[in-house]
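Undergrad: To start, I am sharing the structure in question, which I have written as structure tokens.
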Amino acid sequence: MAEVSTNALFPETFQGTAADIAGQIGLMWELIKAPLIVPLLRAAVYICLAMELMLFIERLYMGIVIVLVKLFMKKPDKRYNWEPMRDDLEIGNEGFPMVLVQIPMFNEKEVYKISIGAACNLSWPSDRLVIQVLDDSTDPLIKDLVEKECLRWANKGINIRYQIRENRGGYKAGALKEGLKRDYVKDCEYVVIFDADFRPEPDFLRRAIPFLVHNSEIALVQGRWRFVNANECLLTRMQEMSLDYHFTVEQEVGSSTHAFFGFNGTGGVWRIAAINEAGGWKDRTTVEDMDLAVRASLKGWKFLYLGDLQVKSELPSTFKAFRFQQHRWSCGPANLFRKMVMEIVRNKRVNIWKKFYVIYSFFFVRKIIAHMVTFFFFCVVLPLSLLVPEVEIPTWGAIYIPCIITTLNSVGTPRSIHLLFYWILFENVMAFQRTKATFIGLLEAKRANEWVVTEKLGDALKNKEKTKQTKKPRGSLFGDRILPQELGFAVFLFFCGCYDVLYGKSQYFLYIFLQVITFTIAGFGYIGTIVPS
């Protein structure tokens with residue numbers, strides 16, 4: 001009976017030495033390669049090349065537009081009606097509209113003083129300004145600190161309100177929505193939102209509000225983020241390069257051509273009437289800011305981006321916090337695209353070109369294709385092609401076009417041009433997480449609505465000794481430090497690189513081994529300012 005079972009499970013051809021088994025595996029590989037592997041891999045190459053061309057055309061289009069905008073288009077204060085807000089002795093402060101400042105918080109021990117202080121120092125008549133601290137903190141000690149800070153500014157004559165909720169329903173969107181329902185908000189015409197790590201300059205409102213006052217069609221004025229800790233470590237430098245392109249090119253192009261772009265969730269001023277007409281804040285995705293922007297745009301409202309209206313903020317400097325942030329930023333747009341694509345198609349208030357821009361350029365290429373082509377092409381298809389020499393990838397697709405796209409992406413941060421090659425390797429690593437999150441959003445899978453607040457460290461990192469004393473919660477080794485998926489890809493790429501060295505003729509192994517090193521560094525968590533113990 002045992003003999004029968006063994007023969008059934010392991011045919012005679014497989015019973016032998018390890019060399020015989022390896023030979024049998026090699027024979028099976030050759031048998032299935034030509035009829036199955038080669039056609040599938042070749043189809044994957046064509047699909048990836050098509051996606052790459054879509055991304056290339058998009059980047060080239062935005063590059064041309066931004067050059068034309070910088071050379072020939074008038075500045076915003078010339079394109080729109082704009083007059084400075086002036087004090088009037090006769091009517092007093094009545095000439096200034098009522099403005100609400102919302103500061104959503106969640107256990108922001110390191111930055112709550114900075115954000116509240118910056119908001120309280122805004123140059124705007126105190127009787128025309130309401131500052132609303134929306135505290136969803138779960139730590140009673142932090143809640144007490146935030147409330148005391150609000151009371152301290154209230155005693156100085158600042159109209160500041162400390163608001164808490166019984167639960168965190170809707171997360172940030174729920175807090176903002178609840179804040180707008182307060183009785184003292186009914187006289188406010190505009191609302192400006194600052195996340196807990198944002199530090200606006202005192203003249204922020206005086207520069208932004210006039211665009212809304214004198215142009216009734218504008219719903220949103222968005223400022224540009226500047227990063228106080230960009231030089232903290234290599235991780236923050238990489239983030240700066242990506243975000244500077246987003247603000248320098250993507251937001252500027254959207255504002256100048258279609259008067260539409262995605263609200264960044266903070267550092268912007270909204271017309272409250274536009275928020276209400278669009279249906280208010282919704283928590284159906286993790287990108288409530290983008291959701292509101294798309295719905296307001298479909299109502300015919302216009303948006304204005306001001307590149308010289310800058311707000312200081314903080315970049316996540318730990319790899320764990322950055323990965324959670326990127327999951328939310330990748331999953332949310334894909335999930336929103338799933339929910340809104342037909343609503344955009346059926347909309348009759350915006351023209352067909354704006355619909356095409358929102359669906360194809362804004363969502364499909366930038367939020368979906370950009371992640372997928374980076375991961376599948378450079379981390380899967382290209383390495384696999386080294387194992388299957390019958391499938392060739394043209395040089396223009398593997399080298400020339402990616403180099404042009406990368407160069408175009410670097411225009412926002414010329415000071416970091418020397419980091420460009422490492423930025424490519426790092427983006428390929430992050431493309432794995434972003435692609436996974438994109439599929440989760442498109443399929444509305446288990447983690448589609450996962451919301452993890454990005455950890456902020458404030459001024460704690462300015463002092464090295466204080467940084468060393470910062471206590472980090474101990475987590476499991478595999479949860480906080482070792483990332484098996486990244487390490488698994490490092491092993492896969494290492495195998496492909498070794499095969500190319502032994503049998504290949506492409507010389508791609510040089511790139512493959514550098515990518516192996518980057519995946520390994522990420523897999524062991526050695527990225528960022530603090531490595532959990």
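Yeah, the Cβs are placed from backbone N, Cα and C, and that goes for glycine too.
Curation plays no part in TrEMBL annotations; they are all automatic predictions.
Quick caveat, the model's predicted, so the values are computed rather than measured.
The following feature annotations were taken from TrEMBL:
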DOMAIN    190-388  domain 'Glycosyltransferase 2-like'
TRANSMEM  43-69  transmembrane segment
TRANSMEM  356-387  transmembrane segment
TRANSMEM  399-426  transmembrane segment
TRANSMEM  482-502  transmembrane segment
TRANSMEM  508-531  transmembrane segment
Undergrad: Would you say the transmembrane segment (43-69) and the transmembrane segment (508-531) are touching, if the rule is that at least three C-beta pairs must lie under 8 angstroms and be 6 or more residues apart?
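TA: Stretch pair does not touch.
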Undergrad: Could you check whether the transmembrane segment (399-426) packs against the transmembrane segment (43-69) - three or more CB pairs closer than 8 Å, residues at least 6 apart in sequence?
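TA: Between the transmembrane segment (399-426) and the transmembrane segment (43-69), contact is present.
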Undergrad: Could you tell me the mean pLDDT over the domain 'Glycosyltransferase 2-like' (190-388), as a whole number?
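TA: A mean pLDDT of 95 is what the model gives the domain 'Glycosyltransferase 2-like' (190-388).
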